[in-house]
Amino acid sequence: MGLLALLRKLHSSPTHEMRILLLGLDNAGKTTLLKQLASEDVSFVTPTIGFNVKSVQSKGFKLNVWDIGGQREIRPYWRNYFENTDVLIYVIDSTDEKRFLETSQELYNLLEEDKLANVPLFIFANKQDLVAATNVGDIAERLKLCNIRERQWQIQPCSALTGAGIQEGMEWLCKNMAIKKKKK
Amino acid sequence: MKLKRFLLRYYPPGIILEYEQGGKVKRKCIDLLQLQKDTNIEIVLGEIAAREPLISPHRLDQVRALIAKLRERLEPDYKKFSLFKIMKAHLLPLTNLAFNKPGSQFITGSYDRTCKVWDTSTGEEIHTLEGHGNVVYTISFNNPYGDKIATGSFDKTCKLWSAATGKCMFTLKGHTGEVVSVGFHPTSSTVSTGSMDTTAKLWNATTGEELCTLIGHTGEIITLSYNTDGTQLLTGSFDHTVSIWDTETGKKLMGLDEHTEEISSAQFNFTGDMVATGSLDKTCNLWDIRTGKVIANLANHEDEVLDVSFDWAGAKLVTASSDTTGYIYDVRSREPLYRLEGHNGEVSKAMFNPQGTRILTTSSDKSARVWDVNSGLCTQILEGHTDDIFSCAFNYDGDMIITGSKDNTCRLWRHHV
């Protein structure tokens, strides 16, 4: 991928492309999720210091998925990628209970951003394959997701490592996007 | 008319005559674009003497020495490059980079919203240009002067900075999309910006005032460049076309519309009578801009053409492609000379050194490669980056290379001393 490819993925064509932003704290599993979506080997994933971007075909859509590094010092740069976002996917490490507060603060900061106003939110409660994982209902409650009223949202349990739950998530996403794109 | 003095231009070779006429000092240039390392000096000298009335017989010895000096500077240099320094340049991936003309400084842009100015001899950071609200994507020195820097950002503005102090002089506001290409007029009087909003704009580089908007493209403008004398500006767009504009009036002079996919790269040759364009339609076109017609459709690549570049004299052309190769073409015969094979990923950039003896390519295989123009063979692989290389540059003397990567670092490579 060169710089030109990045420019091409900056704006999606209105009818059959989607720009998807993948955010979440460090170690949430965003890059593993991205690789799983692209059917790539997920056994070696290192912390992202920057971003990864891949194009995935799904249900007649070309999904340009941007995975942005989640470490604290680079979170201020998430704003670089907000423009033209069709869907925000927020990834949570369901086993990292200590940081549920931190991840919910970051999420609510995002929801207040003008450039993400009305952008549908899809939350993956990741690492559900691990015993220590908190279940989706509890996470929704801890993050007070029911307070989100101004946009469409959905939470989905998954394991980026095994791939469980991801396809279901993407189907929901494409179905809802198809409706939205038709309305435009 | 009275000849006052000679000035030399090494790349491409030329002798500039400074003379007095009617009390005014004027300049004219004798271009020696055909000069090669084995060219017979006496023949060139004879041609100049016959053609140029300013050069009287008693000047011939002097001119002979100048030609010899120019020829000497074209000698291919077989030294290898070695890594001089790794600069942990930025917090986030780099975008583009550029040298000033003397090569004493270079600049890097980044996703971390800054542009940094570096001292080439030490690899130390001189300034961090802070102020943009989003990715600094495109950057340029006002070469040959090198006292100003222009930065174009995803925040939809362009900023002009003093290279000496690192202070922002002007913020050029007006575009409604990301600014992704920027260029200084050869005299540094104006600066042009190309944007994802499908327009280009010309600005006064001294006052920051907007001069005009170039409207006509229907897709994002992703590349722009001036011809050698600065009378025309070339813009390439995702709308599959390339346009040529009069820089004085802002009027569109010509639209070049034959490609069937997005333009990736476009460039004038040195004499400004030809344009080369690369497209995602897998081909490269050579255009005669006196007629606006394609004179050659170079269709050797098997996948998207991502970059095209003339050598400094305009005799050869290099292309880079997603098919992992490059091609060197002879511009006059329009025939491919060599296929550059070796990269293991798409080749995103290809450029000549100013001497025209080497080509530098970068690839998503994390390496940059140096190629011998006269054999098409890879002479060196520059390895070490841990992610895609996005950009690269030669300095004017051709003995230094910088590479900028998605791995947040840039690397400075120098000839073995």
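Cβ coordinates are placed from backbone N, Cα and C, and glycine is handled just like the others.
Among A:GLY69, A:GLY70, only A:GLY70 appears in TrEMBL as part of the GTP site alongside A:GLY24, A:LEU25, A:ASP26, A:ASN27, A:ALA28, A:GLY29, A:LYS30, A:THR31, A:ASN126, A:LYS127, A:GLN128, A:ASP129. Shown in sequence order, A:VAL45, A:THR48, A:ASN52, A:ASP67 are the residues of the chain, 6+ apart in sequence, with a C-beta less than 8 angstroms from the C-beta of A:THR31 (Mg(2+) binding site). Working note on the binding-site residues A:LYS30, A:LYS127: by count of other C-beta atoms within 10 Å of each C-beta, A:LYS30 ranks first. Farthest C-alpha pair in the GTP-binding residues A:GLY24, A:LEU25, A:ASP26, A:ASN27, A:ALA28, A:GLY29, A:LYS30, A:THR31, A:GLY70, A:ASN126, A:LYS127, A:GLN128, A:ASP129: 22 Å apart.
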